Amino acid sequence: MNPTVVLLFSGKRKCGKDFITDHLQAKLGDKCELIKISLPIKSFWAKEMNLNLNELLSDGALKENYRLEMINWSDKMREKDYGCFCKDACQNAKGNPIWIVSDVRRATDIQWFKENYGNKIKTIRLSADEDTRKERGYKFKSGVDDVESECGLDNYSGWDLVIDNGRDRDSIEKQLEKIISLISV
């Protein structure tokens, strides 16, 4: 079954994408499906390197240790097929009407979803000031924070909603209300 709406979330590292999308998933319950474009990348990486997939999917040190290598490998795969990870991530989606894609990072990710789901797409950009991101564990890393996987959507202007998830953020309830207002299911 195709979704009724696909919510595409984007934002820099440590801006709170997982926090917001996890809360949104909890609020929407069985009406929604959480999809991570990074899942096929991390699944492959876990198998190849004999790593714990759950640890690689978490917000811990293991992911950071392999981040640069995963970026470089996934960029090579995207050169062959820019939508390969979007496609893989969506293949196991159930028949829920709302899809929450928690980690859109490139213009080609948005392009793939628009080509495949058209006007069902809603784009949400999360932002947070650098001090807040640092409090959450952000530390600039050359080759990670200055490449397309972090900066590819910095100049994208077609957001349906932009949410400040930094120092001056609204309560999580207000943030979720704004997101839910995009859904016309």
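Backbone N, Cα and C define each Cβ position, glycine as well.
A TrEMBL annotation is a machine prediction, not a hand-curated record.
According to TrEMBL, the protein has these features:
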BINDING   Lys12, Arg13, Lys14, Cys15, Gly16, Lys17, Asp18, Arg136, Gln175  ATP binding site
BINDING   Asn165  substrate binding site
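Features recorded in TrEMBL, as mapped to the structure shown.
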{"residue": "Lys12", "record": "ATP binding site", "Cβ within 10 Å": "20"}
{"residue": "Lys14", "record": "ATP binding site", "Cβ within 10 Å": "20"}
{"residue": "Gly16", "record": "ATP binding site", "Cβ within 10 Å": "24"}
{"residue": "Asp18", "record": "ATP binding site", "Cβ within 10 Å": "17"}
{"residue": "Asn165", "record": "substrate binding site", "Cβ within 10 Å": "24"}
{"residue": "Gln175", "record": "ATP binding site", "Cβ within 10 Å": "22"}
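In this structure, the C-alpha atom of Gln175 (ATP binding site) lies 8 angstrom from that of Asn165 (substrate binding site). Straight-line distance linking the Cα atoms of Lys12 (ATP binding site) and Asn165 (substrate binding site), rounded to a whole number, equals 11 Å. If you take the Cα of Gly16 (ATP binding site) and the Cα of the residue listed as 'substrate binding site', they are about 7 angstrom apart, rounded to a whole number. Each residue contributes its Cα atom, and for the residue listed as 'substrate binding site' and Lys14 (ATP binding site) these two points are 10 Å apart.
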